[in-house]
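Copied over from TrEMBL:
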- 6-35: transmembrane segment (TRANSMEM)
- 55-74: transmembrane segment (TRANSMEM)
- 75-165: region 'Disordered' (REGION)
- 104-160: compositional bias 'Basic and acidic residues' (COMPBIAS)
- 161-292: domain 'TNase-like' (DOMAIN)
- 307-329: region 'Disordered' (REGION)
- 307-317: compositional bias 'Basic and acidic residues' (COMPBIAS)
- 346-370: region 'Disordered' (REGION)
- 348-370: compositional bias 'Basic and acidic residues' (COMPBIAS)
Amino acid sequence: MAGCFTIIAIIILLALVISFPIASIGLIIGVAIAVWGFKERSINKELGAKSKKPITIVLVGFFVVLMGLSAQGASTSPEDVAETSEKAEEVSSSSEEEKEPESEERKAAAAEEEKQTEADAQEKQDKAEEEKKAEEQAKAEAKAKEEEEAKAKAEAEKKKNAPNATVTRVVDGDTLKVNMNGKEEEIRLLLIDTPETVHPNEPVQPFGPEASQFVKDTLSGQQVRVQVGKEARDKYGRMLAYVYIGEETIQEKLLRKGLARTAYLYNDLTLLDRFHNAQANAMSSGIGVWSIPGYAHKDHDHGYHYEEEKTVPKKETAPPSSSNTNSGGGNAIYYKNCTAVRNAGADPIRRGEPGYGSHLDRDGDGIACE
């Protein structure tokens, strides 16, 4: 391996000598002198001697090297200098020519990159605008759908609350007839009772005419909304319903004026709280039926008690009609009307019981003053 390095060193040295003869000779001599100086220094160090000779020899070696290099530079001819300059210019020109295409390529690449960046930015902007437009469209569609649903709901509510009948006749304060779906219906107003005016076996009661007149003035010929109760009809075939005129029932109007009282609470009680509220004002003010002590009773099913005197049962011979006599014959109890029956605490009276009479059983079901 050492032999190989030696051969390589010799070859390099020969190449330097051929190319730079003067500089090479100076370099060889100078290096040799410097090596000699370092060797002398090493010997003095081993002997412990102090001498300036080694350093002087080393400096002489470096001086010889410098002299050789200077001589080589001075020996270079002007032609060589010109040739060297031309070669340098050629190299420079070639370098510039090589750099010029490279510069153009870089510019083209930079332009292409900038163009791509702009394209990406435009694409991103277009995508953002499309997303924004889609979002706005979705919001608009949702709003339109919401408005349509609200409109449909309002129309349904309006249709639900729209009048569905026309009042053709007012029978009394709590009974009326309407034309509904092309058919005449008799309606009994739910949850209220007004004083009698047309009962065949009852006298006209206080505030009965006023109640009837108020209903006539309010409803005659008017379109109303009939809301049928949970039990659609009573045993007489009358429709049981709430009757709306505008946003309020006729029942509430009657109760507020003291022309009716709440009663017969065995059907649809949906509006009972509203009715009680309307009635409370009249009761506290003592107007209408509430102006007569003991006359009207809240939520009571036994009518109005205007006649306070009690009917004393009396013995009498049965009339020719057997309907006014008890089944046993002989002495019998007779009641002029249901008010007398109620005052006597005998209601209801069934057929065959003392005091029963057909004039007390208006529906003919065998139970009087029920």
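Cβ coordinates come from backbone N, Cα and C, glycine included.
Confidence in the domain 'TNase-like' (161-292), given as mean pLDDT, stands at 95. The DSSP breakdown of the region 'Disordered' (346-370) into helical (H, G, I), extended (E, B) and coil residues amounts to 0 helix, 4 strand, 21 coil. Under DSSP, the residues of the compositional bias 'Basic and acidic residues' (104-160) split into helix, strand and coil as follows: 57 helix, 0 strand, 0 coil.
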